[in-house]
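Have a look at this one.
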Amino acid sequence: MENSTHYEVFRLAAYGDIGRLKYFYFALVTVLYFVIILANALLIGVICIERSLHEPMYLFLCALFVNQLYGSTGLFPALMFYLLSDTHDISLIYCYLQIYVLYTCALTEFSNLAVMSYDRYISICYPLRYNSIMTPKIICGLILLSWLSSFFLIAIIISLSLRLQFCGNILNRLYCDNYSVVKLACSNTMLNNIWGLLVTVVYVSCTIFPTIYSYVRILQICLKSSKETKQKAFNTCTPHIASMLNFFFGWLFVILQGRYETADLPPILRTILFVYFLICPPIFNPFMYGVRMVKIRHSCNKVLGLNPGT
């Protein structure tokens, strides 16, 4: 083991010295955070208020928007603080708390998107049995499973990281991520690596593969169905596929940056790619679903007192 020190703080080196540009970045981040809160909170409120939206698809969407608010709160307040601060030190405890929030948000997002694909699969492939399968008990169970499984798995990851001793405390990041923290460890990280790999394999197996299967089956059914059925499937599945790809590629950018050297990329591009999955989906999804899904759009117009025909 190399010489280790008991560090109380990590230093987030990615902020660097941005001079007066910090006020511009702070204003930009503040506007983005405000838009995320407004857009997601609006759709959560509309879905809760409008009884016509108390259907499985919209309840799963509501859970998705709640998770996006949760994840954004794990990033934006700290980001806003450090942009204006002259020091970029983050305490060990808050660093682990931020990792916990952001990682549970990511896993819950994968789970929510998989559950939504299952809902579309049942709706399109078994329309006559849809209401008997997607009962309120099943809906609540799937939403709770998405959250509780991620909370449990990431709690184990954090507990494994808490036991580590570190040889350094410089994180070349805008926020804490577990991979960067573990790389600073002098102590044995085999358990961390094994558990991280296991969680990745489990979540890929339990979310991405069932999602792919669901859409393959939906495609098979649509090829044999009427034009009306195809149009219904297109209208309800397009926003989900778009949000799924948007989040998947954003998370892929983070994984690739953590494991491969990206020093050749411009710093601003590295920064954008690293925060993409925490900024773009929470902005993109509410507008995508709000515009593409007619019932949500009409309900928003009704709640806001706008002309329903707009």
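Placement of Cβ uses the backbone N, Cα and C atoms for every residue, glycine included.
Here's the feature list from TrEMBL:
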DOMAIN    39-289  domain 'G-protein coupled receptors family 1 profile'
TRANSMEM  23-46  transmembrane segment
TRANSMEM  58-84  transmembrane segment
TRANSMEM  96-118  transmembrane segment
TRANSMEM  138-162  transmembrane segment
TRANSMEM  194-216  transmembrane segment
TRANSMEM  237-256  transmembrane segment
TRANSMEM  268-289  transmembrane segment
Do any residues of this chain, six or more beyond the ends of the transmembrane segment (268-289), have a C-beta under 8 angstroms from a C-beta of it, and if so which?
14, 32, 35-36, 39-40, 42-43, 61, 64-65, 68-69, 71-72, 74-75, 79, 102, 105-106, 109, 173-175, 239, 242-243, 246-247, 249-251, 253-254, 257, 262, 296
Test the contact criterion for the transmembrane segment (237-256) and the transmembrane segment (138-162): 3 or more CB pairs under 8 Å, pairs 6 or more apart in sequence, then answer yes or no.
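Checked: the transmembrane segment (237-256) vs the transmembrane segment (138-162), no contact.
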Mind pulling out the one from 23-46, 58-84, 138-162, 194-216 with the most Cβ pairs under 8 angstroms to the transmembrane segment (96-118)?
138-162
